[in-house]
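What Swiss-Prot annotates here:
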type     : residues : note
COMPBIAS : 19-35    : compositional bias 'Low complexity'
COMPBIAS : 71-80    : compositional bias 'Polar residues'
COMPBIAS : 84-112   : compositional bias 'Basic and acidic residues'
REGION   : 1-51     : region 'Disordered'
REGION   : 12-17    : region 'Required for binding PPP1CC'
REGION   : 43-55    : region 'Required for binding PPP1CC'
REGION   : 71-118   : region 'Disordered'
REGION   : 162-202  : region 'Disordered'
Amino acid sequence: MSASTSSHRPIKGILKNKSSSGSSVATSGQQSGGTIQDVKRKKSQKWDESSILAAHRATYRDYDLMKANEPGTSYMSVQDNGEDSVRDVEGEDSVRGVEGKEATDASDHSCEVDEQESSEAYMRKILLHKQEKKRQFEMRRRLHYNEELNIKLARQLMWKELQSEDNENEETPQGTNEEKTAAEESEEAPLTGGLQTQSCDP
């Protein structure tokens, strides 16, 4: 039976082995009263950090050890009212500029004003670019939804055209080919012109 217990390895847990920490506690416990040290040992736990990492984190999961060395980016959200947001940005920048001007010397004043003007111009440029992108997106979205309506109208017009051709074929089955082609050309011209004007409307 001793052979089976010696070949059987104990399961490695998160906590430190009792034998490694228990032996040091036992020797000190024998010196200064074993009951006090046993109580402290029962109340406190010592964690084996390497066992925790090995048990709960695979080797390929080192994403929590990576560090970002990039500086934070300044982001300004665009509000619904484009003109109001431009005014708000100008107001905030001017307030920040006034506080900065009071804190600096007269020699630094000219450098700071240049930097502030360039940063204000840059922020305005970014804001205008974002507003332009938003406007273009909304225009494309409107055109996309109008495209569905245009397709429905085109289907209705095609259906009406087919119905009118069927009615004409039933009424005059013996008509000449020249009359049909002239009639079809006159009908097609207004229909295609109508589709073109409808697709251009926003």
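A Cβ is built for glycine as well, from the same backbone N, Cα and C atoms used for every other residue.
When DSSP labels each residue, the region 'Required for binding PPP1CC' (43-55) comes out as 8 helix, 1 strand, 4 coil, counted as helix, strand and coil in that order. Note on the region 'Required for binding PPP1CC' (12-17): its mean pLDDT in the predicted model is 69.
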